[in-house]
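Sequence annotations record features per position, and here TrEMBL assigns substrate binding site to Arg129, 152-155, 218-220, Gln224, 271-274, Arg454, 465-466. What TrEMBL lists as Mg(2+) binding site is Glu148, Asn150, Glu372. The ATP binding site annotation in TrEMBL covers Glu148, Lys309, 368-377, Tyr379, 402-405, Glu429, Lys456, Asp462. What TrEMBL lists as domain 'Glutathione synthase substrate-binding' is 208-306.
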Amino acid sequence: MAAAWQDVVQDVVRDAAAVREAAAAAVDAALLAGVLMRTGEQPHASDVVNYAPFTLLPSAVPRALFEQAYAVQQDFNLLVDAVSQNKEFLEQTLASTIKVDDFTARLFRIHMQVLEEGLAQTVFLGINRSDYMFDCGLDGAAALRQIEINTIAASFGGLTSRTTDVHRLVLKVLGKTEEASHLLPNNPAKGLALGIAKAWELYGSQRAVVMFLVEDVQRNIFDQRCVENELWNRNIRVLRRRFRDVWEQGSLDASRRLFVDGQEVAVVYYREGYVPQVYDQQNWEARLLLERSRAVKCPDIATQLAGTKKVQQELSRPGTLEKLLPGHPEAISRIRATFAGLYSLDEGEEGDRIAATAIADPDRFVLKPQREGGGNNLYGEELREVLEKIKDSPERTSYILMDKIKPQPALNYLLRAHSPLQVSECISELGIFGVYVRQGRELVLNQAAGHLLRTKAVEHADGGVAAGVAVLDTPYLV
């Protein structure tokens, strides 16, 4: 099957005229389907838009690894939820990080303040995306390896819901009707909206609204609108507000219900708030107000902390999963099977040894700070330079090291506005969306909600679609 798909790709690459025709049809299909982003030149305007970048062809994904990624998603939902509820684990795990990473420290301080005051929130909503690459071993066999789990503002569930139809059309234009019929349906927007709607319903007020907390610059607005429109279709009112609006117009009543612009907010869905640059003093105050409220936060601050790289590294230590998920041995083995090698740079002998190993052989590793959003990781010579500089300072504890994953490249065309049409060697990253809702101690919803495949040229080590490096793609299972 994999060989058969490679033949299809080779077949397409050899016919330049067919590729040009298919690319033209693909771009129009993307515009028709709503695979859209605002432009960099006019990021506030929806009257000048372009298609979001995507691949001309779907990319091969090993069926067994795709199914493995789906099968473990409910386990990861359970794990993230367990970590978020475990005050001691978060405290111990992040102790070294919060000494040197001011952003994580401030989030952590809010977390502790809210716990001391007593949680007003009783319904909890998690929307996460677990990202993987396919590591090609020396024997040529591929293994599923988790890159990270995003617990805040995991994006592109909307646009990827619309990308499959574009690829189906492209294959038909290229005369590959049989292959077109094999593409799987995929609608994360619907799955994410289902979780938000469930949390809204359990909050228990028909009048209350869902608030999307959004960035000042919203180039990726159509991705969010896909989820938003699913909520409007269920007659759930949606507001779009920024931190600044919350600071100016937000308040809590005596029972800590949240009001913004005079409207009660049942669910706060963060599509902002994951990088330090967005927080000034006002925005930190707004974040604290939201966290103190009864509203369902997606994520609450503990769940955001559960997504830090330091937590990811700690989860890979022997015995940690057993403590967090007692009585779930099957879930633990499924989770552990996806882990890449992860290493602590904490002060002490172990950290010294790992830092020295990475400086001596930087191409074996990736250096990761506690940040979301793509474009933050360090590789190769850059990794060596940074580690050389911080190896004897406590600052190194704000990073973790991970084994570098080596996927098998494949040929594809990356369609970007105003870019030449050329074949590239590419690698892909598979994300699985997970949604869960907990009321008190009871998990009332726990499911995988769809997938996202992103592909980039091999020369780009790091970065996602929003960062302008990767493009949207569709898996073709082989």
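Cβ atoms here come from the backbone N, Cα and C positions, even for glycine.
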### Message
Quick check on the binding-site residues: of Tyr274, Tyr379, whose CB has the lowest count of neighbouring CB atoms inside 10 Å?
### Response
Tyr379
### Query
Among the binding-site residues Glu148, Pro369, Tyr379, which ones place their C-alpha within 10 angstroms of the C-alpha of Arg129 (substrate binding site)?
Glu148
### Neighbour tally for Arg219 (substrate binding site), based on other Cβ positions within 10 Å of its Cβ
18
### Task
Would you mind reading off the Cα separation of Glu272 (substrate binding site) from Glu148 (Mg(2+) binding site), to the nearest angstrom?
18
### Query
Can you count helix, strand and coil residues in the domain 'Glutathione synthase substrate-binding' (208-306) using DSSP?
41 helix, 26 strand, 32 coil
### Query
Out of Glu148, Asn150, Pro369, Tyr379, Lys456, the binding-site residues in the record, which is closest to Tyr274 (substrate binding site) when you go by Cα distance?
Asn150
### Query
Considering only the binding-site residues Asn150, Arg219, Gln224, which residue has the minimal Cα-Cα separation from Tyr379 (ATP binding site)?
Asn150
### Task
Using C-alpha atoms only, work out the spacing between Lys404 (ATP binding site) and Glu148 (Mg(2+) binding site) and round it to an integer in Å.
13
### Query
Among the binding-site residues Arg129, Lys404, which residue has its Cβ surrounded by the fewest other Cβ atoms within 10 Å?
Lys404
